[in-house]
Amino acid sequence: MSVYPECTWLLFVCLCHLLVSAGGSLLLPCEPINETISVEKDGCPKCLVFQTSICSGHCITKDPSYKSPLSTVYQRVCTYRDVRYETVRLPDCRPGVDPHVTFPVALSCDCNLCTMDTSDCAIQSLRPDFCMSQRASLPA
């Protein structure tokens with residue numbers, strides 16, 4: 001038996017390990033990024049589109065092969081750690097409608113459990129700049 005098949009197998013295993021290690025470092029970490037978002041509300045005919053900081057990136061998760069009905073699996077997602085709140089004014093709102101909308105600005109992010117009260121935890125959601133009504137932009 002030749003020594004080459006064993007060396008080939010060892011080389012294959014080493015290359016697979018390197019590719020897996022490199023692949024993990026190519027994923028973007030969970031951190032604040034600049035993103036175009038939109039805000040709108042009932043009684044205001046225009047959707048306001050602007051840039052802000054949101055949390056985005058990869059969090060290491062584990063999904064067990066065996067899922068026991070007695071245990072709970074917790075998946076970590078990239079979510080806000082520290083935030084600052086800013087307020088914008090929507091244009092052309094009807095009389096009696098408060099034109100102000102307050103939104104979080106990401107100062108730092110963390111891989112943590114998804115909080116449904118403050119985050120969109122859907123598997124697939126709308127783009128952050130999706131508008132149902134006519135678009136308007138913040139003045140430069």
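For all residues, glycine too, the Cβ spot is worked out from N, Cα and C.
The feature disulfide bond is assigned by Swiss-Prot to CYS30-CYS78 (among others). Long-range Cβ contacts of CYS30 (disulfide bond) within its own chain (separation 6+, distance under 8 Å): CYS55, SER56, GLY57, HIS58, CYS59, CYS78, CYS109, ASP110, CYS111. DSSP assigns CYS30 (disulfide bond) to coil, not to a helix or a strand.
Here Swiss-Prot flags CYS44-CYS93 (among others) as disulfide bond, drawing on similarity to another entry. Counting Cβ atoms from all protein chains shown, CYS44 (disulfide bond) has 21 others lying within 10 Å of its own Cβ.
Look at CYS47 (disulfide bond): DSSP puts it in a strand. Of all the Cβ atoms in the protein chains shown, 20 others lie within 10 Å of the Cβ of CYS47 (disulfide bond). The feature disulfide bond is assigned by Swiss-Prot to CYS47-CYS131 (among others), with similarity to another entry given as support.
What Swiss-Prot records for CYS55-CYS109 (among others) is disulfide bond, and it gives similarity to another entry as the kind of evidence. All protein chains considered, the CB of CYS109 (disulfide bond) has 23 other CB atoms within 10 Å.
Residues annotated as disulfide bond in Swiss-Prot: CYS59-CYS111 (among others). According to DSSP, CYS111 (disulfide bond) is assigned to a strand segment.
Every protein chain shown contributes to the tally, and the Cβ of CYS114 (disulfide bond) ends up with 16 other Cβ atoms within 10 Å. Summarising the annotation, Swiss-Prot assigns disulfide bond to CYS114-CYS121 (among others).
Marked as N-linked glycosylation site by Swiss-Prot: ASN34. Here the Cβ of ASN34 (N-linked glycosylation site) has 10 other Cβ atoms within 10 Å, regardless of which shown protein chain they belong to.
The signal peptide annotation in Swiss-Prot covers 1-24.
According to its DSSP assignment, CYS93 (disulfide bond) is coil.
Following the DSSP three-state reduction, the secondary structure of CYS131 (disulfide bond) is coil. CYS47 (disulfide bond) and CYS93 (disulfide bond) have their C-alpha atoms 11 Å apart, to the nearest angstrom.
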